[in-house]
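Asker: Below are the features I grabbed from Swiss-Prot:
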type	residues	note
COILED	295-356	coiled coil
COMPBIAS	238-251	compositional bias 'Polar residues'
COMPBIAS	258-274	compositional bias 'Polar residues'
COMPBIAS	284-293	compositional bias 'Polar residues'
COMPBIAS	303-327	compositional bias 'Basic and acidic residues'
DOMAIN	36-127	domain 'HTH La-type RNA-binding'
DOMAIN	133-211	domain 'RRM'
DOMAIN	425-538	domain 'xRRM'
REGION	218-327	region 'Disordered'
Amino acid sequence: MKVCQRKTIDTEKMSSVGDTACADLSEKKDNEKKKRSRVKQLLSDVKKQVEFWFGDVNLHKDRFMKSIIEQSRDGYIDIAVLTTFNRMKNLTADVKLIARALKNSTIVEVNDEGTRIRRKEPLGETPKDVDSRTVYVELLPKTVTHIWLERVFSKCGHVVYISIPRYKSTRHSKGFAFVEFETQEQAQKAVEMLNNPPEDAPRKPGIFPKTCRKKAVPFDAVTQDNDEDGKKKKTELKNSTSEETGSNNMDQDGMLESTVTSEPNLATLTSTVSKKAKKKRLRSQSFEASSGEDQFEMSSKMRKVEEEKSELKDLSSENKDEELNSLKKKDDSVLKAKRKRKKKLKERLKVGEEVIPLRVLSKKEWLDLKQEYLTLQKRCMAHLKQSVFQINQKPTNYHIVKLKEDDTNAFYKDTPKKELTSGPEFLSGVIVKISYNQPLPSKRCIKDMLSELSPVAYVDLLDGDTEGHVRFKSSEDAQKVIKARFEFQKKYNWNLELLSGDHERRYWQKILVDRQAKLNTPREKKRGTEKLISKAEKIIIAKAKEASNHIRFDD
């Protein structure tokens, strides 16, 4: 019987364990079913972005997208092209997910395969009232984004397009942007509501404040006055507290001196009291061994002095209290006025519980300012060009007399025109090879050393090379150097060798190849204002060098 009971208990335990295991598995399956990918927000973001790219406002400005649509016959574009854009890379690279997001779109339609999309309606003509619906914004932080601008300006109306110009090298914002609204009234509302430049901003729009790299324009410029007032109040309170603590800690003599400095009206009284106190001290020291009656008289006199001191303390404290009360009243009146101003500003410019110091004006006004700037720039450049021309016309040597017009014309007629040089002509026996077991000195040093015997045409040598070539003007000049090669070897340890035969022919081929490569290298072309400014900079550098030279007079 006991064995049967044990078996039944074991079977019951096993069945209970199995039930718990099954329950755990079912719970896990239920949890797995509940967990699903949250793509609702992603689908809406993808739809919003693609509809913006294919919208009328963007296609009138985006030449790349417009060219892709025009190149396709039926207007369809592969969805894979959109996945190459940076904005879409940040969202998703799944073509099926993009097609799923655009199923219910009102602007674009997807083909049956779900791989291509196109606009439902053809693109119309460009609207003519774009400038009147656009506002210009400046004094923006370096890290400004489209989302931030849309959040700020959407309080004034429906924002359809935002353009943030950036530098090509760093891709940082230039500090200004253009915001396009749906209607002209919304743009006018943005100008009235958000035009709040800070006090330290430049007076004329279009000139942006210089900020450090990746550093935003300070947004606490509006509350600067309040901060300054707060600082003033703090310093005044600190001074008053220090005076009170000092008066409590000082002894009686120090207290009298402080009252002299703080209250000029009581200066005479304090001086007389201090003199009396000193006299009484001397008397007390001289009459220490006197009778009890004298001591009683001295104590009564000292009491009088103490009473006078207490009266002075009361007067000084009353004056201080009056001054503090008057200062507090002034501060309260100033603060009330500031609060009223701040309330007005907040009511007019509050966007997301922050007052944003921006300069906002219509694009038409900005275009007028731009035209004014361009005309001023042209005028300045014309003046600079004229001054550069006048400087270049002046002769550098002032001892030369100016030629007459006839002489100059005759001179220009007689001078032959420069012909295009085809490079150095082949001459045998003019190339000398120079070698050394250590790096050779500079080109200038070698040219100066060899020019003592015969003139040098060119030194072909790079810094740090142990071998080089020197080209002379004639074979006779090269022979002179070769004859003196033992002297150079003793003096500088150089090995000089005259090239001939195949070695000479190869070196001449190398000269022609190097020259052609140098001529074929693209040069940086400077045109317009850049060219003019570079000329002006060269003239300034030359003038500075002339000014730095010492003037030496003959004895």
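First residue shown is number 1, and so on along the chain.
Here the Cβ of each residue, glycine as well, is placed from N, Cα and C on the backbone.
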Asker: Helix, strand, coil: count each for the residues of the domain 'xRRM' (425-538), based on DSSP.
Answerer: 54 helix, 20 strand, 40 coil
Asker: May I have the DSSP-based helix, strand and coil counts for the residues of the domain 'HTH La-type RNA-binding' (36-127)?
Answerer: 44 helix, 9 strand, 39 coil
Asker: With helix taken as DSSP H, G or I, strand as E or B and everything else coil, how many residues of the domain 'RRM' (133-211) land in each class?
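Answerer: Grouping H, G, I as helix and E, B as strand yields 20 helix, 18 strand, 41 coil.
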